Structure formats: C-alpha cells, structure tokens
C-alpha cells in the first residue's frame, strides 16, 4: 500500500513527460478512468508502449496520450476533464467509468464529433447492469461500447430452465443495481417460478447473526430449505465471505445447489469458491479464446503483446479484470484505425476544441475517423473486437463451470458448457459424476397404493411386501440405469398430501418434507402448492381429470316380446280383432249363406270371433264364408294381418338381438348440468383442490367448475366425497354415483373390470403431469429427469404405458353400452314373457275347466227322471215307418197313437267311432216334415229344442226346409202321399240307451 502513491505520482510524471517529449506527434488520444481503475491505467500505458514498439503498424509515428482520473459518480467532473483533453487536441477519447458519467461523456462527444470508446466498469468487481445509453436514429452517435451488452439475465434464465428450478432465492450485494436482472425476473414470473430476493450487507457476519436472533426454529428451517437453491449476483470477494458464513453456521447442507454469476470471476476466484462451498456449485463467467499453441499466446497477427498480460502463469495476468483486457484491445483497435487513415492519405489533423465558447465548432475530421474505427476490427486479448451498426460489440462468450454433489471440501471443477447469443447453450449441465456414483446408494421411497401405478403384488407374512405397477416399472428403470437400490413403504395415512392449518403437510408429501423419505412416487400430480415444499422431476406421464360411471344395466323385461309394438298399437290391434269379428258376424246374419253339403258349422258370434283371431295368428278357421261381402272383409283382414305379423316378426328380431342403452352423460359439462347422479372425489386431493379453486373463482361463477363445486361441497364435502379412491370406485359400482378422479386410474379400472360395468368420460387436455417427488434441493432430481427424458425419447416409456393401458382391453372405455352382449343368441330373459303368456293360458284353461266341471255336476243334480221326461225311440220309429212305407195299402191305413211305441232313448253317450264323425248340431233347429201320420197323432208332436239335444254334440247346419216326404209305391216308384199334413216329430234325450247311427251300411230311411 505504501508503494501505490509513489507509483501514481510516477505515472503522472511519466504521462506529462511523454506528452512534452512528443508534442510534435500527430497521434494523440485522451483517456478518462475511474479513480479505482488503477489497473486500467497501467494496462493502457502498457498497450501504448507495445504499439509504439511495433513499427509494422504505425511505422515512424508514435502514439501520445493524456490520462485523467475522475469520480465515477460525478458526471460534471467527467465532462470537465474531457473538455480539458479536447482543448489539448485528441483524435479519440477512451473512458473506463461507470454508467452515470458515461451518459455525460456521450453527449459531449456527440457535440464535439470526437470518437468516444467507452468501456463499462462496475465497482469492485460487482456484476454489470445495462447502462442504457441513448442511441440516435441519425447515425451521429460518436460513442462506441467496447464491452458487449449485459447478457447475464439471458444466461441465468437458460441455466435455471436447464436445471428445472421452480423455487430459488437471489442474493445480491449492496453495490449491484438490481435493475440489471429486471428482465430476468419478469420472464421467470411469467413461467410461474417462485423467486425471492435478498440483499447481502457488507457485514455478512452481522447479517447471519441477526437471522438466528430474529427467526424462530420453524422459520429458520424454512429459510434453510430456501437456501438449497440460490443464485449469487455479487463480486467474488463478497461471494467468498458469504459462502464461508453460511457453511460455518450450517445454513446449507450437502444437497444445496448454488449458482454464482459474474463476468469478473478469474481462475483464482473459481478455485477459492469451490474450496469454501459444499453441495453443488455452478459458476458462470465470461471467457475469452486462448490460442492452443503456447508459443502463439502472446501474438495477435503482426502484433506482440507483453508477456505480463498474456502469460497465464504471470501473477498480473491471473488477476486482471475484464475491463483491463478491453482497454488493451481498444488501444490496439485505434492504432489499426490510425494506420488505415495514414495509408489512405485521408488524415485529418487534430484541432484544439473549446467546450466553453458558445460558437465553438466540432472537429471536421470526426465523422471520417469514426467510420474508420467502426469498420475496423482486431483480434486481441478478448477475441474479435468489432462494432455493429448500433455501435456495440456483439462478440461475447460465457463459460459454465460446475462441481458435483459432495460433502467434502476442495472438490474438482469442470467445464459443463458454454453460452453465446448466437448458438445459445452448448453442453450438458447434468452431474455425470452423480450418475456414475449411485451404485450402492439405498433410497427410501414412500408411496400410496393406486391402481395401476402402485399395487401390492406379493404379501407374505414375515417378508417385505412386493409392489408392482406403472410407477414401480418407471422406478425400476431408473434403478437399473443409475444403479441405486430402494426400500419402499406406504404413507401412514394413505394420502398424497395437503397443507394443514398449522402449515405442515400430511401424506406422501409430508414424509418428504419431514425428511423421512428420499423419494415419493405414485399417481402424484405436479401442482404449484406441492412444488413449494418438494422438488419434482420432469413429468413421466400426462395427467387429466376423468369421471367413472356405471354402465347402464340391461333391464330384465319379461314381456320383451311385446316391446316391438307400443301399448297403444296393441290396444288398437285387439280392438280391431273384436271389431272385425263383430262385422263378420253381422254380415252373415244379414245375408246368411246357403247350406253346403257336408258343412256342419254355424256362424255364431263366438265362431266369428274365433275365426278372426285364428286367421290373425295364421292358424286358419273352420267357418266357411261364401258371401261376397264377407270374403271382401276377410281379404282385407288377411292383408292387414300379414303386414302386422311381418312387421312384428322383423321388429322383434331386431329388438331382441340388438339393444342400445345410451347414457345422457358424455362429458364433464353434461355431468355438471345434471343433478340426478351425485358425484364427488377424494377429500383434500389435487382434484378436490383444483375444482375448489376453479369453482370459487369469481370470474367463473357460472362455469362448469362452479356447478361441480356446489355438488362436491355439499355438507362441507362429506356427503359426496370419499376418503380414498377405492371407496369411490366401489361407490360407483354398487350405487348411483359418479367418481371424479385421475383419468389414468379410472381407465385402468374400467378396462380390467370383470363385468365391464364401468365407462369413463373426461377432459383430454393434459395441463399437468405425474412426476417423482423428492426432498426440496435433492441432488437426484436432475439425473432422474434426464433419465426420464431418455426413456420417453427412445420409446421405453410408451412400452410401459401399453403394458398397463392396452389399446385393445377386454372392456370398452368410453361406451355406455354393454359391448359384451352377443347379437345372435337369445337368453331365457328375452323370452320369459312368452312362457308367462303360455303359463297364463294353461292356468286359465285349467281354471275354466274346473268351473265347467263344477257347473255340469250342479246342473246334473237337477235333471228330471225318466218317467217325466222321455223321448221317442227314433230307431224304433224308423223301423215302423219303413214297414208302413212298404205296405201296399199303407197310404189309406189309419193307425192310432197307441200303435207308436215311445221308447226312451239315451243319446248322451256315443260310440267312439261315431264320436269321430261330424254330427249335426240340432240345438238351434227343429226337424219339420210332411207325413202321412194322422192329425190325431200330431197333437203329440213337439219341437226338438236345444235343451233336449244339449247332450248331443252335433255341428251347426242350416235349418231344413219344410216339405212333403216321398214314399215308395208298390210298383217300385215314388208318388206323393195323399196325406200332406205337416207335423213335427218330438224327441227327448234319455240317459240309458245309446243311439247308433250309421253303423249298419244297409240301413236306410225314407224320412
């Protein structure tokens, strides 16, 4: 420190001596440096000395210069010193100051037309912030920015995105202008990252002590979690002190990951920062190209650089600042521009300019000199130095260095990648050492049983449970690749985790927060609330909300045979049968047909109805209809019956083989609009919180989620919600309920249900994903995420998905119809109604038969005796009449009533053969004959009533016409009987004798 004032005085004297000694030089430049930029002045003088010794550039001309120092925060002083330099006459002005004074010098240079080469400098090595110099659109800006623009915010954003950080804290020192990362803060806020800011005071020890004194234990623990991810924007000296303090006070552990970003970090600073830190450290700094050939490190084209600046082993070169390098390259650039002007013989002499005089004119050669400088370019210590159209240097490169996770101090550091504005990030930031060193590591894994993500595959008493599922397959893939082992257990409360009133977490997330587990895996969705307390890998499967509903069951309709026609149509058909039967009877009654030989049926109303019904069911009828009107009626009826029966047959076949039972709920909107089926989800789950936040949003008051929340929140959520997913699935299967849950879980349940009784609906928008949860700041997250991405890229993840969610499962996921129903075979349920109708007919017929039997027995008890009710023995009468007809004088013979033997006849019983023949029914007729019986006998005649013949089962025939009988004449001919009296022969049934008609083929009658 005692030598420094002497050197300063010596340098000022040397500067004045140089100026006076070269007063006749035509090349003179001025320099303004910050008071703290002593190295800039030293490097500036070294650069001028190197160029004056190089005869190939300026040949016989020498560069002279004037240097002055100003307060970086005093713009007035900077302008005053610049005016003094312009008054001396300069070709260009070089400045290494802060942004405050740079703006004033920019205005002065523009006014006086003096090229101004500005090297931005920050205080004490603190990272730069953008100066924001105003650029004119008229291309009359005489200020050129030698240092590239500030790209720190772009580099930080790229690195943070690569590391997939979601929550971190930024520490910055008191000298840093926080506005320098305002653009970065805006971008991370748009991406949903949680970023905290904290200013680091100069007295770091006092700041740390204050934290311990003012924070409670819970707050201090949360602060420790925050420090696991941190970005340090401060000068190297402050960063070293801060890291030392937090490590010694145990505020950070080996699982922390810090990023230090500063352009001014040199190799010595890197080694010191790595030595003091624990955990993982990433360093971002500006880097410059170095020739691979050691012998060429100090040569740039035809110019040789002083070895004190280019030799990496030189102590001065090791501690140079970024601004020192740009100072040297600026002098080299000016020397080449002067050389160009001398060669082109377009030299403009220097002019003494006065800033004080009102009518002072700018330098006439300023524009030409500025264009020569802008078009030129050199290769120096910083690489290629050139200017773009906007007057800035676009060439910049950043180097990203990093260490591996570890507790030991003094770990090695390696280059992870590099960044530039053109190509972006080149390289991988993955911790390769961590990937290779997980062999033998045993991780404790917490899970929640959820099909098909995690399921118990084997549970043997006395042995650890074995698990299977999609998440277990993913975990095994990571384990096989990285080489770690794991022990798995189920969360004590079987929950995924939600925040409690006291700020703690329960469930799977709570196990990670309290550090009882290293990894949490199941059907765990990535949510902002969970990301605040734990870290997540990249998603390994997309997530969406679905609804599980019970497929509508096929109802057992015993009378499915009646389904093809509507009830009203059946009523019309039944009425039509009655109406047509009545019309047929009336038509035959109005115009009775002639009696046909051999026909023994009559057209009663009963027979007409029976005939119409028989023809309708295609069974035919017994009554012949010969009238034209009746036949036209029956023709129309048969056509009607043909169409109806054909339509019924076709419709019945289609109805019994294909049954469609479609549900009215096919989307979440349909579910929210109805109230017949209650629905809910798992209490305090991610789905529950998602619906709650959406439903309580005032901007979505009438939306789908608000309607869903009203249903889910009934009775404070206890009415329609369940405590775990399996309870919700069982509630759907055995009740009227819809379960809202993860679509992947519900699809697996629907696919593998033995009865195929479920179907799912849902939202296909994958706004979230399933991820592996780790402790906040876990060193394993990055390598896990990298491996998951590799599994997705090579298709292994899709293979695992198809294993648990096959495309062609045994059940249809989205159809509310039972697709397992066969279309060809009909079961007993489909025809149960037909058997019921048959059974009803049998029961009814048996009941009627019993009634008839009872009625006949009751009627038989009241039949009169033989003495009171006798009938004529028709066979005896037949023989007597035949004998009379063969007598010659029978026509004139008189006989008395007593000559006729009235013998009771029993016609109740008939021989078997006789019963099989068609026998006329005389119940509604009587036999009228013309006979020769004397009129005295006719008084005994009476009509054969239906009552008398009730036991004689004859068919119905038309009534015989009354007329005279013919009898055989003695000569064998026939003649009309002289007695033409018409009389009736009465008869009554007798229960004792049978009547044998037609057994004797030789028997005949003339009646």
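Every residue gets a Cβ built from N, Cα and C, even glycine.
Here the structure is a predicted model, which means the values were calculated and not measured.
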Have a look at 636-656, 657-677, 678-698 and point to the one annotated transmembrane segment in Swiss-Prot.
636-656
Please verify against Swiss-Prot: do residue 628 and residue 858 share a side of the membrane?
yes
Cα proximity to residue 757 (Ca(2+) 2 binding site), best match among glycosylation sites 426, 713, 716
713
Among all protein chains shown, how many Cβ atoms are found within 10 Å of the Cβ of residue 716 (N-linked glycosylation site), not counting that one?
8
Residue list, the transmembrane segment (567-587) vs rest of chain: Cβ under 8 Å, 6 or more residues beyond ends.
603-605, 608-609, 611-613, 616, 625, 627, 629-630, 633-634, 637, 640, 644
Recorded positions listed as 293, 426, 713, 757, least Cβ neighbours within 10 Å:
293
Please report the Cα separation of residue 716 (N-linked glycosylation site) and residue 755 (Ca(2+) 2 binding site) in Å, rounded to an integer.
34
Given the Ca(2+) 2 site 753, 755, 757, its other Cβ neighbours within 8 Å of the Cβ centroid, in chain order, are 551, 733, 754, 756, 758, 811
Of the glycosylation sites listed as 293, 426, 713, the one whose CA lies nearest the CA of residue 753 (Ca(2+) 2 binding site)
713
What's the CA-CA gap between residue 293 (N-linked glycosylation site) and residue 426 (N-linked glycosylation site) in angstrom, rounded?
24
So what's the average pLDDT for the region 'Interaction with AP4M1' (921-991)?
45
Return one of helix, strand or coil for residue 426 (N-linked glycosylation site), based on DSSP.
strand
